[in-house]
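Trainee: Pulled these features from TrEMBL for this protein:
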- 21-214: domain 'L-asparaginase N-terminal' (DOMAIN)
- T30: active site (ACT_SITE)
- T110: active site (ACT_SITE)
- 237-347: domain 'Asparaginase/glutaminase C-terminal' (DOMAIN)
Amino acid sequence: MTTSSSSSSASHNAPHSALPRIAVLATGGTIAGSAQDATSTAGYQAGVVGVGQLLAAVPALSTLANIHAEQVASIDSKDMSLALWTTLAQRVNKLLASDDIDGIVITHGTDTLEETAYLLHLTVKSAKPVVLTAAMRPSSALSADGPLNLLNAVSVAAHRAAHGQGVLVAFNNRIHSARDVVKTSTFAVDAFQSPEVGALGWVQDGRVEFQRRVVRPHTTATEFAIEATANDAWPAVEIVTSYAGVTRVMVDALVKDGVRGIVVAGTGNGSIHVSLQQGLADAVAQGIAVVRASRVGSGHVMHNGAASDDALGFVSANALNAYKARVLLMLALAAGNPARAALQDVFDLY
Ligand code: ASP
């Protein structure tokens, strides 16, 4: 096992040549959280335990893989930044380009895990496994879930069946696709689900089983490159929500602020209150891309064609929630200035 901050590295266990070589990139989160008291699962500080300590809590890792560890960040993932996304994706691509690394595990906070996972799903340029994991209970808690999640994530990253499946999330014994997975509980240990489609498979006691494959293009099959977002070149894209009595005030403020895109988390099948809809139609007229997602949490948003999307200039988000739709919209805008029809194709494809 080797450990490093983003700039240095060191050895933990003597490498075993037959084992897969897995890089563990730590970014913080509750999995690296600590509280004063073992009975406290909510009052803790995220991202304070280093990657060396996380790995030391799981001695069985040394039987699964030769681990190279890096501390990429130590944050609460609620504070994830676009700059850190760029750094992380570039680091993943660099490590995977090396013959010395067979797969990557990323430890992350649960709050924005689904966004980071989808970003990597679209921008990693390798078929080697990339697996995110996290925890709902801090490392200091009774029945902390982090160590087993970490062990399972390494099992998945080290398994040949994980090749070519895009970015995966291993959490609470299940394996999810980055595109499908969402956080669905504020406190339960079973906090991640893939609504409508279900998990890809499961992992238990070192046994990894996939029940289906990921069919939409990802990683090496996308047109997106993280390099397009380097040097703060992320296009400004924000999210608004439709609800009873909503006004267009926020949309008008965003337009004034110069955003390039707005994702709207609509009601039901992405329907939008008439006041908000007029604000968004006016935004389209100013050249801003508007994508319709849903606040519902499962299902997809159908393209409305002539009835509204075509008439108003909106794009529908398919099955992506608003947060993932924002990731895709940012990448698509960073890659160029697609016309609305081309943008709809992007959302229908990915
Ligand atoms: N706030 C924490 C984070 O996202 C929550 C967690 O990891 O469960 O970093």
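Heads up, residue numbers simply count up from 1 along the chain you see.
Cβ coordinates are placed from backbone N, Cα and C, and glycine is handled just like the others.
A TrEMBL annotation is a machine prediction, not a hand-curated record.
Keep in mind that what you see is a predicted model, and the values were worked out from it rather than measured.
In the displayed structure, how are the listed features positioned relative to their neighbours?
Mentor: There are 31 other CB atoms within 10 A of the CB of T30 (active site), with all protein chains counted.
Sequence-distant neighbours of T110 (active site): residues of the same chain at least 6 apart with a C-beta under 8 Å from its C-beta are G29, T30, S77, A134, A135, M136, K183, A191, F192. DSSP assigns T110 (active site) to coil in the three-state reduction, outside any helix or strand.
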Trainee: With H, G and I counted as helix, E and B as strand and the rest as coil, say where DSSP puts T30 (active site).
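Mentor: Once the DSSP labels are grouped into three classes, T30 (active site) ends up as helix.
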Trainee: Helix, strand, coil residue numbers for the domain 'Asparaginase/glutaminase C-terminal' (237-347) per DSSP?
Mentor: 49 helix, 23 strand, 39 coil
